[in-house]
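> Below is a structure I'd like to ask you about.
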Amino acid sequence: MLVSVYRYNPEIDDAPYMQDIHIDIPGGKDIMVLDLLQLLKDKDPTLGYRRSCREGVCGSDGMNMNGLNGLACITPLSEVVENDKLVLRPLPGLPVIRDLVVDMSQFYKQYEKIKPFLINDTPPPAIERLQSPEERAELDGLYECILCACCSTACPSFWWNPDKFIGPSGLLQAYRFLADSRDTATTERLADLDDPFSVFRCHGIMNCVNVCPKGLNPTKAIGKIRNMLISQAT
Amino acid sequence: MVTSITSFGRSGLYDWMIQRVTAVVLLAFTVFMIGYMLFNPDLDYQQWKELFECTSMRIFTLMALLSMAAHAWIGMWSISTDYIKPTGIRFLFQSACGLLTFIYVVWGIQILWGV
């Protein structure tokens, strides 16, 4: 099969370019894209990409495979290869450090903005703050996010305003703390989000839902933040 | 919290709400106009003039006109902040949109009450 890989080493290259590599998959097996990258790296050790857990938990190997963001380690070739060709590019919209490695600073800055930790000013109980099973269930579909940035870098609103729009990933996390029964900073959190950019740049096109490797729904979480803002303000 | 001084209401929620409310008004006006023209295929000037002389129609039309102005401002502002990155050019574009919207509103009122 033919693999076309985005290559850029700022120390050597003047501009990024696509490198075409023909490769035979051993035994014709349906391997994961990450395994394919290892085969490519065996051929050309200068190829750079991030990886760690190789089972879709750490979120390191988010990349753009034939136009769709996803985690290379849990994406089988059969899911993305078209006409025996695979185009691998770094996550769109973020500055490229080298090859498939992107600079995630802007993404993390947005995450930091939403204060991703429990805020509770009441005196802590002797052992722990308890939740009912129903209150705990509110966090399902929110806490599973691994911050791989597949969603935010698939979002045009994040591409145009990565410094102002929090992005689907950060907003999913924002709702994770707004929905937490143990958090007491709901009013302050909402006040921080009520500007024309942070939340309202989301136009609900659902690219985030389309690419999330964990099957989460940031658009739904954003809708719930909006509903909280509306019910607080009317 | 991101500060912005050129958006319609300076609050994302307010802009969002205005955008939805004005969209409903514009939809109602569009549906009414299309319906009116469908039910009056032989529409002549006299009938058209009588329709717009009616106070309720003037209120409805003015409401649609103001809704369009607000709706367009919020939409064009969003587009300008997405696609025009140099602040000077963006501000110029926003000013031009604002001026054009104001002209349309005044002109529209003049037409509406000039019938």
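Each Cβ is built from the backbone N, Cα and C atoms, and glycine gets one as well.
The feature heme binding site is assigned by TrEMBL to B:H71. What TrEMBL records for B:Y83 is ubiquinone binding site. Residues annotated as transmembrane segment in TrEMBL: B:21-39, B:59-79, B:91-113.
Looking at the shown structure, can you explain where the listed features end up?
Mapped onto three states, the DSSP output places B:H71 (heme binding site) in helix.
Mapped onto three states, the DSSP output places B:Y83 (ubiquinone binding site) in helix. For B:Y83 (ubiquinone binding site), no same-chain residue lying six or more positions away in sequence has a CB closer than 8 A to its CB.
Proximity of distant same-chain residues to the transmembrane segment (B:91-113), defined by a Cβ-Cβ separation under 8 Å and at least 6 residues beyond the stretch ends, is recorded for 6, 52, 58, 61-62, 65-66, 68-69, 72-73, 76-77, 80, 84.
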> Under a criterion of Cβ-Cβ distance under 8 Å and sequence separation of at least 6, what residues of the same chain contact B:H71 (heme binding site)?
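Listed in sequence order, they are B:I18, B:Q19, B:T22, B:A23, B:L26.
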